[in-house]
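Visitor: Quick paste from TrEMBL:
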- 1-26: signal peptide (SIGNAL)
- 83-109: transmembrane segment (TRANSMEM)
- 122-300: domain 'Cytochrome b561 bacterial/Ni-hydrogenase' (DOMAIN)
- 129-153: transmembrane segment (TRANSMEM)
- 173-194: transmembrane segment (TRANSMEM)
- 230-254: transmembrane segment (TRANSMEM)
- 266-285: transmembrane segment (TRANSMEM)
Amino acid sequence: MTAFARIRFVALLLMLFGLTTAPVLAQKLGPDGAPNPTASVANQKTLLEQAPRIQGRIDIPDVKASVLMQPAGRTWDYFHEVLLHWGGAVVIVGMLAVLALAYLIMGRLRIEAGRSGRTIVRFKAFERFAHWLTAVSFVLLGLTGLNITFGKVLLLPLVGPDLFSDISQVAKYVHNFTSFAFVAGLVLITVLFFRDNLFKRVDVDWVKQGGGFIKSKHAPAGRFNLGEKFVYWLSVAAGLLVSASGFVLLFPFYGTNIADMQIAQVAHAVIAILFIALILGHIYIGTLGMEGAFEAMGTGEVDINWAREHHDRWLAEKLEAEGRQAPATPAE
């Protein structure tokens, strides 16, 4: 081999060596000083923040399956795993604390004149059925729904993963199927009590007299006072919203996409938490907070003195319709 041929051969080897080592030399070094082969790839965090979604191509009709990753889902996950936990706990525990404080300060609101021994029908059997259908289904929905939110934090460490899995599976079916009973009850109480919960002039007088919380003043009221009317309308509104969002989740992707499902879940959770807090106050007033109140939905009858102190206008109309003599109204 001539000297010129040797030079060409060495030059060719150097060129081949340069071509094979150039990519390695061009790589950025990792934290340990070794070459980083993925340094030229787009930063994952930047990609996820900038792109609305990472989507490919598929050959099946379900276009949702083409979405490999939806960065907005991380926001939803943060809400579900962090914000909802803390926010829900603050709302529910806060309401329980307020009710406990109210009981410690004011105690139970007694029938001032004592029981008369005479009763009057406040709610008919079908009205009580509608109330308890809604109430029982609400409690079941609330407990099973709270398991979804707080179960992994509170229940899982106590019962272990196997039992928690079984409980959650049963709770899911109870939650789903009980929703139909709740909607039926909601429709019934909306229709049955709609007329008596319309706002009237007497509601203004009820507020002026302290809503029954000032013992020196008598707050007049019809069948339902203003506070009860607010509970009614808030319950109807919350019930409709939580039912609508719940059925979107129960029958997913019927005219909705992933983002719509996430919005429905957020709305369902937030409304449900606030709804639970509202009903906790309602339960307190109907049990510990007021003497004689539970009997209205328990037996359907209330003591006449209780009715006179809390719903005097309704009592007068009721007794007049029945041809019975109304008891004397206390001096205001």
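Placement of Cβ uses the backbone N, Cα and C atoms for every residue, glycine included.
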Visitor: Under an 8 Å Cβ to Cβ limit, what residues of the same chain, 6 or more beyond the ends of the transmembrane segment (83-109), are close to it?
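Guide: Long-range Cβ neighbours of the transmembrane segment (83-109): 146, 149-150, 153, 212-213, 269-270, 273-274, 276-277, 280-281, 284, 288-291.
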Visitor: Looking only at the domain 'Cytochrome b561 bacterial/Ni-hydrogenase' (122-300), report the model's average pLDDT.
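Guide: The predicted confidence over the domain 'Cytochrome b561 bacterial/Ni-hydrogenase' (122-300), as a mean pLDDT, is 93.
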